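Database features, via Swiss-Prot:
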COMPBIAS  210-229  compositional bias 'Polar residues'
REGION    210-262  region 'Disordered'
COMPBIAS  233-248  compositional bias 'Basic and acidic residues'
BINDING   Asp273, Asp275, Asp501  Mg(2+) binding site
ACT_SITE  Asp273  active site, nucleophile
ACT_SITE  Asp275  active site, proton donor
Amino acid sequence: MLELLVSASLTVNSDRPGKLKPSRADADVWTLSDREGITTSARSVSQLFARPCPRVPPGQPPSAMAAYSQTQYSAGIQQATPYTAYPPPAQAYGIPSYSIKTEDSLNHSPGQSGFLSYGSSFSTPASGQSPYTYQMHGTAGIYQGANGLTNAAGFGTVHQDYPSYPGFPQSQYSQYYSSSYNPPYVPASSICPSPLSTSTYVLQEASHNIPSQSSESLGGEYNTHNGPSTPAKEGDTDRPPRASDGKLRGRSKRSSDPSPAGDNEIERVFVWDLDETIIIFHSLLTGTFASRYGKDTTASVRIGLMMEEMIFNLADTHLFFNDLEDCDQIHVDDVSSDDNGQDLSTYNFSADGFHSSAPGANLCLGSGVHGGVDWMRKLAFRYRRVKEMYNTYKNNVGGLIGAPKRETWLQLRAELEALTDLWLTHSLKALNLINSRPNCVNVLVTTTQLIPALAKVLLYGLGSVFPIENIYSATKTGKESCFERIMQRFGRKAVYIVIGDGVEEEQGAKKHNMPFWRISCHADLEALRHALELEYL
């Protein structure tokens, strides 16, 4: 009879848990005990009903309630012992350390949103190398303590600006680079109009970049290089001097190094042919250009002959072509190692006995090694003077040839542009685009002898885009050999693009896996300029 009453009472109370009251249950049980005389088992039944009750008696303080999002454990499950908290390793740049999700965290209460949640603001501003504060899953104490993570409320009240994060001084890394190190980053002012609040690297312009100078200021200097190559670092001064053609030279007695600095920092090298690519010259003399484009053949030949006369007149009068015709060099610095640095301001080239000291017609064999040390020094003097004249008058050839010839030259240039439909103008647009880039360079390889090639460059107004160090003559060795020297000079990391109209440069480019851009008409020049403007090349 007792068992039936107890089970009936359990059934009724389980169906209506909200109506369960401990005082009424106790009264029913004590009434039952009065009738049957059982008291001990009735107290255990009262405890059984009172244990799963979720309600809190009125007298119990609110602190006895479980904290929000705190893990609840059933009566039969023992709470797992918290794992030992280990401090995170030192973070080099303020990256927060992440804890591993443990097995007991899988039994989280439904009120917890996930493994990692964020608060309304950082409890304390991040300082030094400290990791940021996050609220981890399980706030009962498993992930607290030495791990540096604190409970924070959600984002949204205090906006943390990026400048509040600490900057990292670069002084601690001074042992890894010299004081002259210039990080190759773009200045912040050129990227956005408003100044950035964070610390940024600013590329400071090197003090030894040669600005645009007047032609008179470069008259007495030997080491004058206005090319687009990158300035050298201070640490490079102790290295062996490297000639501008890419070959290592022994130390001469000159105080200045003729080689342009920073050749191995060039990223892209444009190797140009001269005749029928940049300028129209040979096809004027033969009449090929006039017949192809329907021009006056007589006028074409006349203009070609007049330009040829001016070229050789300039070469003979100012560039020692009479002395150097049989001693032609591939590059202007090929004999610079024989120069002792003597002052040439009062040197008399016509009376130094250059011809008489070199017997026979074959003054030069190979690359010019003949005639003894004294004769080689006089040869080097002439090439040094040629270099000085080129650098002085490359933007003012009219001042070199004189006023009467200057007028003739200007008239001839105008007629040439009209006959060739502005061929040279289109070429100069592409050349100037390349020349304006900081890490790109124009290099000229021509089958003309070096001295007449320099005269052509000056008379056609190309001196500003071709430094004399970037001009090579392939008369003796061929263009493929010149390509190898150029690659040795600028390094294998640079990208080489060959631009020309002939088979020789195309085959040389193919052998060295260089892209080749053929120039055969005005449309090719326009397409090249368009590709450069869009930075496809």
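Glycine too: its Cβ is placed from the backbone N, Cα and C atoms.
Keep in mind that this is a model prediction, so the values were computed, not measured.
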Legend entry - Position of peak Cβ density within 10 Å, selected from the binding-site residues Asp273, Asp501: Asp273
Legend entry - Cβ within 8 Å of the mean position of the Cβ atoms of Asp273, Asp275, Asp501: remaining residues of the chain near Mg(2+): Leu274, Glu276, Thr277, Ile278, Thr446, Gly500, Gly502, Glu505, Ile519
Inset, instruction - Starting from the Cβ of Asp275 (Mg(2+) binding site), draw a 10 Å sphere and report how many other Cβ atoms land inside it. - result: 18
Legend entry - Assigned conformation of Asp275 (Mg(2+) binding site) - DSSP reduced to three states: strand
